[in-house]
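K.L.:
Below you will find the structure I want to go over with you.
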Amino acid sequence: MEKSCFYLALFLSLFATAVLAGDPDMLQDVCVADLNSSVKVNGFPCKADITADDFYFKGLANPGATNNTMGSVVTGANVEKVPGLNTLGVSLSRIDYAPGGLNPPHTHPRATEMIFVLEGELEVGFITTSNKLFTKNITKGDIFVFPRGLVHFQKNNGVEPAAVIAAFNSQLPGTQSLAVTLFGSTPEVPESVLTKAFQVGTKEVDKIKSRFAPKKN
């Protein structure tokens, strides 16, 4: 009896680990996402008529425009761009950086990220929950991993453009940029929360909020 309980506990622990490691396992060969369905499920419902184009995307071939405030741009190849990724638990992105460009501190709540440097050089890093920073300078051909859910960043300190391909163990990893989340949410995070959390005055908070306020149509 004790041995049976032990094996049951071991199985349940392994099962829980597998479930938490990434997206849920698929239950059929393919389940191409019906992005227009009104049905709400964990992921997307399957559509009936599928073609090869549901598994195809060429949006990562060329550099994205980096003429913005941060000097970087992320081009995603997730289930919203490639419906055939639904239930497969993987996705890619291309990230381009102008000289001095920054992919600012952010997290992916549903995936670990692995980047492969296509060109240029980057300073990359992540911060653990014990506030320890792990950082490294990487260059063309290098790989770096950002563990799931941890705050991380990439910065191009070089004089030439840089680019990476990022792989995720989720069809839709999600991205939360710290600054945008805290200072650009709708409705707004109460000012009293931000002034106390960052130990600054209301003028400083208002100034930062003005940079991240949602654009009005």
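From the backbone N, Cα and C atoms, a Cβ is placed for every residue, glycine too.
Here's the feature list from TrEMBL:
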SIGNAL    1-21  signal peptide
DISULFID  Cys31-Cys46  disulfide bond
DOMAIN    58-206  domain 'Cupin type-1'
BINDING   Asn103, His108, Glu113  oxalate binding site
BINDING   His106, His108, Glu113, His152  Mn(2+) binding site
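Provide an account of the burial state, proximal residues and distances for the features listed.
P.N.:
Taking Cβ-Cβ distances under 8 Å and a sequence gap of 6 or more within the same chain, the neighbours of Cys46 (disulfide bond) are Gln28, Val30, Cys31, Val32, Ala33, Asp34, Asn86.
In the predicted model, the domain 'Cupin type-1' (58-206) has a mean pLDDT of 96.
Within the same chain, residues at least 6 positions away in sequence whose Cβ sits under 8 Å from that of His108 (oxalate binding site) are Phe146, Arg148, Gly149, Phe168, Ser170, Pro173, Gly174, Thr175, Gln176.
Using a 10 Å radius centred on the Cβ of His106 (Mn(2+) binding site) and all shown protein chains, the other Cβ atoms total 19.
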K.L.:
Excluding His106, His108, Glu113, His152, please set out which residues of the same chain place their CB within 8 Å of the center of the CB atoms of the Mn(2+) site, keeping sequence order.
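P.N.:
After dropping the recorded site residues, what remains is Thr107, Phe126, Phe146, Leu150, Val151, Pro173, Thr175.
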K.L.:
Just the number: how many Å between the Cα atoms of Glu113 (oxalate binding site) and His106 (Mn(2+) binding site)?
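P.N.:
For Glu113 (oxalate binding site) versus His106 (Mn(2+) binding site), the Cα atoms are 12 Å apart.
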